Amino acid sequence: MVMEAQRIRQLPPYLFARIEAQIAKAKEEGVDVISLGIGDPDRPTPDHIIQELVKEAHNPANHQYPSSVGMLSFRQAVADYYQRRFQVSLDPKTQVVSLLGSKEGIAHMAWCYLDPGDIALVPDPGYPVYGIGTLLAGGTPYIMPLKAENNFLPDLKAIPEEVARKAKLMWLNYPNNPTGAIATLEFFEEVVAFAKKYDIIVCHDAAYQEISFDGYRPPSFLEVPGAMEVGVEFGSCSKTYNMTGWRIGWAVGRADVINALGRLKSNIDSGVFQAIQYAAITALTGPQDCVEAMSKVYQERRDIAVEGLNAIGWKLEKPKSTIYVWAPVPKGFTSMSFAEHVFEKTGVVITPGNGYGEHGEGFFRIALTVEKERMLEAFDRIKKNLGPFEF
Ligand SMILES: *Cc1c(COP(=O)(O)O)cnc(C)c1O
């Protein structure tokens, strides 16, 4: 039998298999399961965006191969968004590339810059693709722990000099999945100085840039002076417009990095279906009240989750962005044993924090991706059946 390649064999084991089996069994037994485990918007894509897709799907000109870096009109729409929203000027021809969802670009970035043994600085807990993309390219992830006492920002001073010198990429993600943390412009300034000193390309994943609460507006990494010389930012229609299934995103920023990513991609995929690009243009340039409305929906669900936990012993602050609440497990539990305990007692699914890396141990994540009534039901069950807890 042909042996799988090392790059596949080294992929970490899937952590949630046991809990998923437990969920499947409970469903068979008729348990009314409420999943707060899924980081995927539950509401449909706004109708005006779907209508544009339908219209453009009928146009035969869109049935042929698209440009692998994206139509210029799509890249212009992304550049216009950056100008409007962040006062950041981008050249759509050289500083914007389309992606088949930002996850695709994140994974392929590693292939552009990492030779075997090269280091990428990777946050932990974090979106798994930064580390796995690094491994698939033959690179070595160096873990930057995200700790509560540092507001889940990496401590750049804790990175050893020789690691910083060898590192080629640094991954960041604010607003952050899974912690819900946000970054200040001062932190981004520190990152730019660090990247310049050690000649590192900063890759900022901004998937949650447009979901925010209590009047907060997340900044772009590219707003900071000098950021354009050291980095790129990844964005997507997925979370902003409930378009995770459509697969369209972008990378923007330093031209030679965007060019490298575009060159790699032109040899692997042939770009995004043009009708989807037209729909994304409509999303980015059309009315934005749907975006504001979604933030309000998530904010209401966030309040139910945080107030529900705080009523039985937690002391959480309300996150200012993302579709997640990140919380410590009570005394006497691991991430996994707590998730199993909650599920057994209530039928509510939460995600164990260690699924996002070793520094996620001791935490769990709640996704705000079910309707208010179901959130209320979930926290009602939690209140009635769990605790009291100590921390
Ligand atoms: C959801 C998410 C993305 C978006 O992925 P797409 O491929 O654009 O759908 C990127 N980064 C993080 C951290 C996410 O949670």
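Glycine is no exception: its Cβ is also placed from the backbone N, Cα and C atoms.
Record note: TrEMBL gives N177, Y208, S236, C237, S238, R247 as pyridoxal 5'-phosphate-binding, and the candidate from Y113, Y127, Y298 in that site is Y127. Together with Y14, Y127, N177, R365, TrEMBL lists one candidate of G39, G101, G332 for binding substrate, that being G39. For Y208 (pyridoxal 5'-phosphate binding site), the same-chain residues 6+ apart in sequence whose C-beta sits under 8 angstroms from its C-beta are P175, N176, N177, P218, K239, S321, T322, I323. In this structure, the recorded positions G39, N177, C237, K239, R365 were compared by how many other Cβ atoms lie within 10 Å of their Cβ, and the smallest count belongs to G39. Farthest C-alpha pair in the pyridoxal 5'-phosphate-binding residues Y127, N177, Y208, S236, C237, S238, R247: 19 Å apart.
Across the structure, S236 (pyridoxal 5'-phosphate binding site) and G39 (substrate binding site) place their CA atoms 14 angstrom apart. Of all the binding-site residues given, namely Y14, Y127, the one with the smallest number of surrounding CB atoms inside 10 A is Y14.
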